[in-house]
Amino acid sequence: MNKELLNCERVWLNVTPATLRSDLADYGLLEPHALGVHEGRIHALVPMQDLKGPYPAHWQDMKGKLVTPGLIDCHTHLIFAGSRAEEFELRQKGVPYAEIARKGGGIISTVRATRAACEEQLFELALPRVKSLIREGVTTVEIKSGYGLTLEDELKMLRVARRLGEALPIRVKTTLLAAHAVPPEYRDDPDSWVETICQEIIPAAAEAGLADAVDVFCEHIGFSLAQTEQVYLAADQYGLAVKGHMDQLSNLGGSTLAANFGALSVDHLEYLDPEGIQALAHRGVVATLLPTAFYFLKETKLPPVAALRKAGVPMAVSSDINPGTAPIVSLRMAMNMACTLFGLTPVEAMAGVTRHAARALGEQEQLGQLRVGMLADFLVWNCGHPAELSYLIGVDQLVSRVINGEETLHG
């Protein structure tokens, strides 16, 4: 028996690894291997043909089943209260969003409901959403604030996100998105809201250890380039990574700004220009594609996938779960839409929810690949090829999931 395997607490024999390793082509598929875990990390990955008994005490034969890294949903807004179903109905009848917003709908309706909910209520509302992702194979999820838009309500959302990670078998990364919209109280003075974010909310979130990163919605209906820079400077002062909702509805130059700040990722990108693409490529910033929002809003302007591919920009894929523009709680569906709507290959979609999604969260040294030394987050699938994970939607193919070396039986 291989010495490294003998040192493992658990060994999975006869797995077919789709490693998603950056140094291997396509899915990084290997012949049947034994995968050993020690102290929460992948400790050994050994070809079956090189093994001789005896096997360690805790082993199981997976009979050739496909194993992939755990899926990573790197952009969600899944903590919220209230429903926008009536708004959806009105929009299908042709009522413009501006009119809906004037009547109290839109994002501010979610803000009102989220402010009114206590932490326990928000936790209970978010619980089934996260459990749905877990059932699909998500082992890491990013959760943003952004529906509180006061100091206490933004922190409340972040506390709920942390609690979800403690209560469920999933790793949660948190992002402060106080610069999501201008709250009603600051409608006539948005610069004062930006000052509040920079001088009060970011310091409080950082000091409480509630935020892993800071995000800004940089758009003509959101925050200007100058305001975005202010928020990024404040985040940098507190040692927080930055991200950006960029170039979804127009191009303000936000992606270039974010790249200059060394952002982890810029997200949406339908209006990304060549200058922005080169900036992302130069700084190694991840382009996160959100096809569910594109689909739900019936957009027609596609993100420049071919240009991103040519420039070598890593492309992540995420669900963008939110009540207004992407009420679709399915990373697997986002993978499918990334292929069918945006033209990604299934290999790119799979890399987009593993290796590149890990980079979008700053976790590329720990997550997103099956590689010795990385955290033991992986999935066992009842399917013959990893392309099925982007192709066949709505069928439960997950056999089991492992996070930090601990197996969670599926179901």
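We count from 1, first residue shown onward.
Using the three backbone atoms N, Cα and C, a Cβ is placed for every residue, glycine included.
All protein chains included, HIS75 (Zn(2+) binding site) registers 31 other Cβ atoms within 10 Å of its own Cβ. Per Swiss-Prot, the feature Zn(2+) binding site maps to HIS75, HIS77, HIS245, ASP320; the stated evidence is sequence analysis.
The Fe(3+) binding site annotation in Swiss-Prot covers HIS75, HIS77, HIS245, ASP320, and the record cites experimental evidence as its basis. Within the same chain, the residues at least 6 positions away from ASP320 (Zn(2+) binding site) whose Cβ sits under 8 Å from its Cβ are HIS75, THR76, HIS77, ASP267, LEU290, THR292, ALA293, ALA326, ALA334, listed in sequence order.
The 4-imidazolone-5-propanoate binding site annotation in Swiss-Prot covers ARG84, TYR147, HIS180, GLN248, THR325, and the record cites a large-scale study or a structure entry as its basis. The Cβ of ARG84 (4-imidazolone-5-propanoate binding site) has 22 other Cβ atoms within 10 Å, all protein chains considered.
The Cβ of TYR147 (4-imidazolone-5-propanoate binding site) has HIS77, ILE79, PHE80, ALA81, ILE107, THR110, VAL111, THR114, ASP153, MET157, HIS180 as same-chain neighbours under 8 Å, each 6 or more residues away in sequence. Mapped onto three states, the DSSP output places TYR147 (4-imidazolone-5-propanoate binding site) in coil. Among the features that Swiss-Prot reports, N-formimidoyl-L-glutamate binding site is placed at TYR147, ASN322, GLY324, with the record citing sequence analysis.
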Using C-alpha positions only, work out which of the binding-site residues ARG84, HIS245, GLN248 is nearest to GLY324 (N-formimidoyl-L-glutamate binding site).
ARG84
For 4-imidazolone-5-propanoate, whose listed binding residues are ARG84, TYR147, HIS180, GLN248, THR325, the greatest C-alpha pairwise distance in Å:
21
At a 10 A cut-off on CB-CB distances, which of the binding-site residues HIS77, HIS180, HIS245 has the highest count?
HIS245
CB-centroid shell, 8 A cutoff, Zn(2+) site HIS75, HIS77, HIS245, ASP320, site residues removed:
THR76, LYS144, ASP267, HIS268, LEU290, ALA293, SER318, ILE321, ASN322, ALA326
Cα-Cα separation of ASN322 (N-formimidoyl-L-glutamate binding site) and ARG84 (4-imidazolone-5-propanoate binding site), in Å?
10
